[in-house]
Structure formats: C-alpha cells, structure tokens
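Participant: Annotation source TrEMBL lists transmembrane segment at 6-32, 89-109, 129-151, 186-204, 232-252, 264-285.
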Amino acid sequence: MQAALMAFFMLLFSLLSLLGIAANGFIVLVLGREWLRYGRLLPLDMILISLGASRVCLQLVGTVHNFYYSARKVEYSGGLGRQFFHLHWHFLNSATFWFCSWLSVLFCVKIANITHPTFLWLKWRFPGWVPWLLLGSVLISFIITLLFFWVNYPVYQELLIRKFSGNMTYKWNTRIETYYFPSLKLVIWSIPFSVFLVSIMLLINSLRRHTQRMQHNGHSLQDPSTQAHTRALKSLISFLFLYALSFLSLIIDATKFISMQNDFYWPWQIAVYLCISVHPFILIFSNLKLRSMFWQVLLLARGFWVA
C-alpha cells in the first residue's frame, strides 16, 4: 500500500477513535453526573454507563496499541507488551459484548408484548437482575481473559521449554495459536451474540403480532405501543449491522488472517473498531435524556466559539 494511502487510513482511524472516545465518554459523564446527584441509576442507565466505560477503555487500548506497534514493529511483535495488550483487549471485548446483549434483552422485556408466563416472569425480574448481570459479565470476562493469558503467557512457555524440546514447544504454541484460540473465541463471543439475536427476533415478532392486532381492530398504527416498538427496532437493527460487523471482524482477527504486517492492517482496524465508535451516537439520539443534554452541549460550544 502506498505511504499516502496508509497515512489516510491512519488519519481516518484516529478521527474515528476520537469520535468514539468522545461519544462514549459523553454517555459516561452524563449518566455518572446523574448517579452522583441522585445516588442511583435506572437499569437502562446502568447498562449504558457500563457499556460506555468499557468502550472508552477498549478504544484507548486499541489506539495506543496500534500506534505503538507502528513505531516499534520489530521490538513489539514478540515481546511482553503484546501479551499485556491482549490481556486488556480480550477482557474489554468480552465485557462489551455481554453489555450489548443485556441492552438488547432490556429493550425486549420492556417493550415486547408477549403473554407467555416465562416471558412475563422475566419481564418482572430482569430489571432487578441488571446490576448482578453486569457484575457477572465482568467476572466471566475476567476468568476467560485469565484462561487466554495463562495459555499464552511467556512464563508458561518457559515451563514448556523445560519439559519438552524446543521443536515440540514451537509446534505446541503454533497449534494453540492456529486451532485453540480461534475456536474458543468463536464459542465465547457467540453466546452473547446469540442472546442479542434472540432478543431482536422476539421484538420483531412482537411488533408483527401487535400490528396485525391493531389492523384487525381498525385502530391506528401510530399508537404509543407501536411507536415504542418501532423506535426500539430502529435502534437495535441499526446496531445489529454494526454488532455483526464487529463480531465477524473479531473472529477473522482471531484467525490472524490479516496480520500486523499486512498492507490492509489500518483499513481492517477501522472495521474492527467501527461499532464502538458509531453505535454510541445511535444510543445518544435514541435516548431522550442523552439527546437533550447533547444538544445543550452543542449550543454551549457554539456560543463559546462565536464569543
């Protein structure tokens, strides 16, 4: 890839990262201020502030990693710094995936009109579970990260060197990198992704049945329930595209199909981090509280620059 084109993608990645950090940081600051003022948060706000915080950290870790690697390719490729980065990157990605899934489930149980006893029980209980689900997601992500780190940690590799010959150690590590890690990551990330898909399918089915019922009874389709369904679906379906892109990007990234030495590394990084940079804007404009505060901040910024 030409140097000018690579510089363009690096600049685009930097702008995307700054936008993502700013948008996610805005969500964290607004909801954190409300948390300090009232001493509590609604279940939706708990998920949003957790999602925003994890994405800010993930974007910062990814940005530092990419530019540090660009400056010190040879030194960084096999060093402890790479292990340190992956430790944080796997933890934050796993936690972010779970937070996104709980957000879709909360939308589903709050809006979907499903009369099945199990769903009604979940609708009643789920909001109270949110703090524990968030803590559980962090704990699960931490355990999974330790599993990855334990297998790939240099000290563990040194232990293998003492037990086996160097050739066997190389074959063992290569086999782990090629088969074990991608398969395990696919299974781990597929669980929250499946939860997300099920929530969207239930919400779509609820909207379809509600629309048919309203048409059968001769009522307008502009009633509050239909509008709530439609707003939630617009938000989730737009997120579905970004979430699916992020999921596929992470799976392909786990297979090392596009390595750090590849000419298309920076365009690929844009695809990997696109979801965490764009989705917070969808959340801001679909949330009345965040949207009104966002416009207030823009008006203040405009007045400051005009003055």
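Even glycines carry a Cβ here, placed using N, Cα and C.
Describe each of these features in terms of where it is and what it packs against.
Facilitator: Taking Cβ pairs closer than 8 Å, the transmembrane segment (129-151) reaches residues 43, 46-47, 50, 83, 86-87, 90-92, 94-95, 98-99, 102, 106, 176, 180-181, 184, 188 in its own chain, all 6 or more past its ends.
Listed by sequence, the residues of this chain that lie at least six past the ends of the transmembrane segment (186-204) yet keep a Cβ under 8 A from its Cβ atoms are 93-94, 97-98, 100-101, 104-105, 107-108, 111-112, 114, 119, 144, 229, 232-233, 236-237, 240, 243, 247, 250-251, 254.
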Participant: Under 8 angstroms for C-beta pairs, at least 3 of them, ignoring pairs fewer than 6 apart in sequence. Is the transmembrane segment (6-32) in contact with the transmembrane segment (264-285) by that rule?
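Facilitator: In this chain the transmembrane segment (6-32) contacts the transmembrane segment (264-285) - 3 or more Cβ pairs sit under 8 Å.
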Participant: Which sequence positions outside the transmembrane segment (89-109), separated from its termini by at least 6 residues, show Cβ-Cβ distances below 8 Å to it?
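Facilitator: Distant Cβ neighbours of the transmembrane segment (89-109) are 43-44, 47-48, 50-51, 54-55, 57-58, 61-62, 65, 119, 122-123, 126-127, 130, 133-134, 137-138, 140-142, 144-145, 148-149, 188-189, 192-193, 195-196, 199-200, 202-203, 232, 235-236, 239, 243, 247, 250, 276.
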